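Working notes, structure below.
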Amino acid sequence: MVKAYLKFVQDKVFGLISTSNSILDGSGKLAITGCGERISIWDLRKQVLNQSLYEEDIKAEVTNVCLSKDGALLASGYSDGSIRIWSMSDYQLQAVFNGHRGSVTTMTFNRLGNILVSGSKDTEVIVWDIITESGLFRLRGHRDQITSVKLLERSNHLITSSKDGFIKIWDTETQHCIQTIVGHRNPIWGIDVNPDETRLCSCTSDNQIRFWRIPSNERQREDGSGIEPKFIVNTPINSAVIIPDEINEDGSKKENSNNSNNNDIDDLEIISEEEFAKYYGSITVKAESVSGVRFDPTNKILAVQSTGKFVDLFKITHYDTMKLEEISIVEEMRHRQTIKTSSKVRFFSFGNDIKHWNKFVITLAGNSLEAYEIKEKEQGGGAFEVSSTLDQAGHRSDIRSLSLSSNDQMLVSTSSESVKVWNMKSLSCIRSIACDYGLCTVFAPGNLHVIVGTKTGTIEVFELASAARVASIKAHEGSVWSLVLTPDLRGVTSGGADKLVKFWDFELIASQENSKHKVLNLSLTKTLKVESDVLALKYSADNKFLAVSLLDNTVKIFYTDTVKFHLSLYGHKLPVMCLDISDDSTLIITGSADKNIKIWGLDYGDCHKSFFAHDDSIMQVSFIPSTHHFISASKDKRIKYWDADKFEHIQTIEAHHGEVWSLAMGSVGDFFISGSHDRSIRIFNQTETPIFVESDRQREMEQTWEATLEDDTRMRTKEMLEENAAAGKQTLETIMAGEDILDAIELCVQEKFKIDEYEKLLKTTKNQDEIPLYQPNIIMLGLSPSEYLWNRINRIRPSDLEEALRVLPFSVMRTLFEYFNLWVDQSGKSVEFIFKCSFFLIQTHQNQLSVSTEFIPILQHLNTSIKNRLQKERFTLGFNRSALSFVKREIEINQQYKFFDSDLYLNKNNKNNKDKDSNNNKKDNKKDNKKDNEKSLKRNRK
């Protein structure tokens, strides 16, 4: 029988504050940001985590978050190209979209929140329908990562920017590019459009912010059709291109410019005969390089984010519209003030709500957030203040070492700037102490002190009660790479880059501040000189041996009592970064930078097994107490579970998004903790769920195969070179969903055949008592074939439906269309769903259907039935809409305020403060409205 092991699963994640962009909610009190594969919602006032949104099976990192304008929906983009929609009312997952083949870099909602536009590293833009949970279309044209997308809803246009240096303006109705703005010499890091949709600004890797005029409402056609139509012209490559540096401020091209010979411009598909956006001018900022621009919701402030520690605020001056053409952009955008942050600015965002326009949040590169509020002064100008700072819940840099207390109640972690102590129950940081670059750490016996070895060669002792450094000892000339407690708990042993192993005993000395107070200190007892730098140390549990890993790729075994040489373990091609000894002192495992793990016998030093374990350097190995199972961690971001007796790989854990530097094993072995370059600390618990090695290998093979389904390196077909395309993407889930439909169709065909045969038998047999009762297929759960197939198709996620139907072969199309005819005649079935499926299948198999005569009557009947059903649905919707309009007018008449007007509705108790003129005209207006309502009601009845 195959041996089953118990599975380790990730339980909790902490230490992360922000790894993606951050946004404010409508109230301005909550900050929403990505933390690894989770979305964290922080309470800015209390500085605590309010909510965490995630799915158990998500492994990809959150790369972008976006909130709808009304704050009802939250979209999160991931590094695997997927997008998830969450409800902000109950924090539940609403929809999942799969369409991108690279990380999602930017997203935006429309004003109603029913359309989402996303851009990705795969150079493509996809427009999604939130209501139907499906993709509308895909836009291609950029040659590098999409950096920003903006919707112009008043004119049905979409603006995109990319690292290829181009800004493209798309017509969302024709799904084609109508203008390409070129001339940026560097990648475009961001664009933004003001709330009035009259200004477009862009930023790149220089100190210039460039602006373009967008036609305003006054310049749009009076018939309400939006911007005047422009013909889309496929201009040859050598055609003239409008470049910002060669344009006059009035939008005309300079006479001496000759863009057709510009070497920076190639392979462009341009532009309409008349440009939609016209160059306006540019302003200069103090920073050498700019990485982001943002308008506030009220169009009062333009914020410019630099690549350093600065955010510049520009005040937008609003002039009379008649003089708009006469002013320059420098006069319109006036520098107001500069905000300097504590570390490098990573992202910047205003809130969506106009009421809180003066609040914004800055995501810093050091795993922290800062919330600001702009304060208006009485005499012009303005000031700002930091309203909240989130930095205590995580480290600013990599987590280099972890150590658990003896009772597993506390955890200590070190990084380049501090030592943090965590409560393992609440996962809150209870102590944060400034420290040099900590490379290793241990708890002193009693769990009242923490000992840290630093990169500068000192050993520092911290008292947890006072959160103070009580001792700092210059132990080594180089970095202290390893620090371990002696098995008798009387001292510690350190190994450093100065080729020395030093043995220290604990002692209590009088405090310098208070002579009566005793503090912990270390006294040197002996020193061991070795041939090379010491990288790792480990005592055997029986206190007989000390294993020392050296920079010369070997491991030396010494006797603990006499410090005499015992064995030398050699065979690694690169230095041994970590090692561990089993509790029974029989096995020693070594992990090296050569990506191999070796299992040795501690008695004779023989190598039991050597195997290629990871794809990068192995940083930590640790035995599970009282077993020969061990955990390894590597710079390839993976953690692996092994059996040292059978030399078997049991489980691979892919949880971190950066190099895994450290491990801490629980005292019983039922859990372990890992720390990583991504600044996260993760707890993995051992469950009662058995894991079978062979089944786990099969699952890994499926994941590898899925990764090849949409490979960016594959040949680009003619369809992929078109500007617009379908939004779906083939995944393992869509293939399995298509196979599920195919299995259901085959089962329904077999069951239908059995039912027909049974009915024939009933008709031909005189004595029906001799015929046994029909036994339906138990898999169908007592449903008819039609109902069973309907349920199976409806179970598929709407965003995966089209790709699942694409898997079906043409041989089952006749059966499927016959069921469509059956369903469309039933009132309980959704005609929209039937139409969507049938229309997609007809488009997919158009060539075969056009030459097949057997489908003609089926499709004709389906066409007629769908038209009739849609006509009925249209009549029902029209009647309901008219009835709702009538009810709405009645409410407005009776309650004296407009329906859905939140401000008037909330202030309905202040009706007596209204103008006297409106009260005098109330009766006349009511009579006129009643007459209009009666006329509309008669019209609707007809």
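The count begins at 1 with the first shown residue.
Backbone N, Cα and C define each Cβ position, glycine as well.
Feature annotations, courtesy of Swiss-Prot:
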type	residues	note
COMPBIAS	912-942	compositional bias 'Basic and acidic residues'
REGION	909-942	region 'Disordered'
REPEAT	9-52	repeat 'WD 1'
REPEAT	57-96	repeat 'WD 2'
REPEAT	99-138	repeat 'WD 3'
REPEAT	141-180	repeat 'WD 4'
REPEAT	183-222	repeat 'WD 5'
REPEAT	285-324	repeat 'WD 6'
REPEAT	394-432	repeat 'WD 7'
REPEAT	434-472	repeat 'WD 8'
REPEAT	475-514	repeat 'WD 9'
REPEAT	529-568	repeat 'WD 10'
REPEAT	571-612	repeat 'WD 11'
REPEAT	613-652	repeat 'WD 12'
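If you look at the repeat 'WD 10' (529-568), the same-chain residues 6 or more away from its ends with a CB under 8 A from one of its CBs are 478, 481-488, 493-501, 574-585, 588, 590, 592, 602, 604-605.
For the repeat 'WD 7' (394-432), same-chain residues at least 6 beyond its ends with a Cβ under 8 Å from one of its own Cβ atoms are 12, 14-17, 343, 366-368, 438-443, 445, 447, 450, 452, 462, 464, 467, 658-659, 661-668, 673-677, 679-681. When Cβ-Cβ distances below 8 Å are used as the criterion, the repeat 'WD 11' (571-612) is approached by residues 535-536, 538-542, 544-545, 547, 549-555, 557, 618-623, 625-628, 630, 632, 634, 642, 644, 647 of the same chain, each at least six residues removed from its ends. The list of residues near the repeat 'WD 9' (475-514) in space but at least 6 beyond its ends in sequence, with Cβ under 8 angstroms from a Cβ of it, reads 439-442, 444-445, 451-459, 520-543, 546, 548-549, 560.
Over the repeat 'WD 1' (9-52), the average per-residue pLDDT in this prediction is 92. In terms of DSSP secondary structure, the repeat 'WD 2' (57-96) contains 0 helix, 22 strand, 18 coil. Across the repeat 'WD 10' (529-568), DSSP assigns 0 helix, 22 strand, 18 coil.
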